[in-house]
């Protein structure tokens, strides 16, 4: 099965959860699944900027990316976070390869809004490299950085990067492993299953807001692009990925209808 696993930056900030997730991804690859990983790193980015006296500014939940910040994006997302994750996956037994959307125009982007600086909107994807690597037993690990044909580099929302890669790669499942238990209803209970229509209703009624609204919108885009199933699940739950692949209902499963 072709899988796209998106790892939230908060999970990667903990050595214990990072090591556990890497073991699970390596096990999924060993079981015959073709796995591509996309990762965030917002928490690590904020810490990096704070240590250097650079303020983190957000507009509509998106990080304003100045020339100073885009340099940090490359160093943190495509540098330290990506390389540490690749090293951990290799130690776990996977053959991981670190990438970003810039590599072979894997994911192309354009400037979203001048007010946001170098924040990109995905405009296209070229999955040949993902197919080549996964077909030969490798696990691509993609940082949320993309570019255009003129060489401009953009910071791209990691959830949108995951959707772009999942859709282009032809993933059967897109699994968001995050720091929440799933999608909550208005009684603060996890919804085990959501259709696309029910997801839109949670957004329209203001129940899903902020980061969860962004994840639901990303999931809806993935479903519309042909991904069969999207899951939003707690990555820190013991054996979360293995249990999901075994059919256990963890977090929230999203389907078209």
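Cβ atoms are placed via backbone N, Cα and C, with glycine included.
Taken from Swiss-Prot, the feature substrate binding site applies to 41, 42, 63, 155. A sphere of 10 angstroms centred on the C-beta of residue 63 (substrate binding site) encloses 22 other C-beta atoms.
The feature site 'Transition state stabilizer' is assigned by Swiss-Prot to 6 (among others). Residue 6 (site 'Transition state stabilizer') falls within a strand when secondary structure is assigned with DSSP. In sequence order, 37, 38, 39, 40, 158, 159, 162, 174, 175, 176, 177 are the residues of the chain that are 6 or more apart from residue 6 (site 'Transition state stabilizer') and have a CB within less than 8 Å of its CB.
As annotated by Swiss-Prot, site 'Transition state stabilizer' applies to 215 (among others). In the three-state DSSP scheme, residue 215 (site 'Transition state stabilizer') is classed as helix. Counting every protein chain shown, the Cβ of residue 215 (site 'Transition state stabilizer') has 24 other Cβ atoms within 10 Å.
Around residue 155 (substrate binding site), the same-chain residues at least 6 positions away in sequence with a Cβ under 8 Å from its Cβ are 63, 65, 69, 70, 73, 77, 118, 119, 120, 144, 145.
It is 42, among the binding-site residues 41, 42, whose Cβ has the fewest other Cβ atoms within 10 Å in the structure shown.
Under DSSP, residue 41 (substrate binding site) is assigned to coil, being neither helix nor strand in the three-state scheme.
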